[in-house]
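Peer 1: Mind looking over this structure? Questions follow.
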Amino acid sequence: MVNTKIIRQRESLPVNSFSYFVLIILVIVLTCYLIKKKVFPYRQEIIDAIKNEPLLVVIGETGSGKTTQIPQYILESFPEYRLIGVTQPRRIAAITVANRVSEEHGSRLGDDIGYCIRFDDCTSSRTRLKYMTDGVLLREATIDPRLGHYDAIIVDEAHERTLETDVLFGLLKETHRLRPELKILVMSATLNVEKFSDFFNSCPIFVIPGRTYDVAINHHRDAKISSLKSTFVQRSVETALYIHTQEPPGDILVFLTGQNEIEKACRDLEDLDRDLNYRTDVKYYEDVKGLVIYPIYATLETMEQKAIFDDPPRYTRKVVFATNVAQTSVTIPGIK
């Protein structure tokens, strides 16, 4: 369909060699991006497995591309599918993944690809790929156990095993009994998935090979707590400030345990930043001249959660204090 449109446009538009050159460059860049994803070489095998198996468990490490690419493979390879549902354990993951996939697909968010979370439905009658939280699909399944609107359901990040996910598994097993033709995929980042396979009638397990990259761990020099006044929140803030003042440009992601700790860390770092003399205190002052601080936790308003994906002003470093909501399925620009 897309190729036909391009051919028709070429017939009506004057030849512009520069435009064709730019188009070729974009295609090359996109191809290189896809090849980097570990899931890409197994595209056809995954499609064949989905064609042949109504139930399938997929294992792929974090960063393999399973969350963004496999739903697109289904979208492109099964044009007869009316609606494909993909669940995420958290709101922020559903929103950000839907945004990323719609960009890759070249469509406006809410058209072919959208998301649905509590109090925020960014879908339309044209939507064929819908990202949502486990809770949204759970409510839909209690109303319509057959999930008649869907032709495929993908439960992503299944290894997190929330209460809602476990209940959803039970309902999906009943849905499969009522509608054997419904495709159900369970995707996990861990190898210990035999329980998922056993639960879904010993269904096949598709493994996306790959290796994780080594993570450099640098311990704080003064890591021991010397007094009761010293807390892990203070240590986190001090470490973030040290990186900010001594390291080259690059954003910072700090994991903390809860909302109270995160809000305190944001306030403390703001106070410390306010007292900085950037010309004398910041080693890379020419490239780092400011700091923006964002919190992110489950109960934070959706619009405030989205703020962490905004690009900071030029020469400004971004620091994000987060709970584990930012640990999986979320790629924050600037965090490597």
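Note: Cβ is positioned from N, Cα and C throughout, glycine not excepted.
The domain 'Helicase ATP-binding' feature in TrEMBL is assigned to 47-209. Residues annotated as domain 'Helicase C-terminal' in TrEMBL: 236-336. Taken from TrEMBL, the feature transmembrane segment covers 18-35.
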Peer 1: List the helix, strand and coil residue totals of the domain 'Helicase C-terminal' (236-336) as derived from DSSP.
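Peer 2: Across the domain 'Helicase C-terminal' (236-336), DSSP assigns the residues as follows: 42 helix, 18 strand, 41 coil.
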Peer 1: If I take every residue in the domain 'Helicase C-terminal' (236-336) and average their pLDDT values, what number comes out?
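Peer 2: Taking every residue in the domain 'Helicase C-terminal' (236-336) and averaging pLDDT yields 89.
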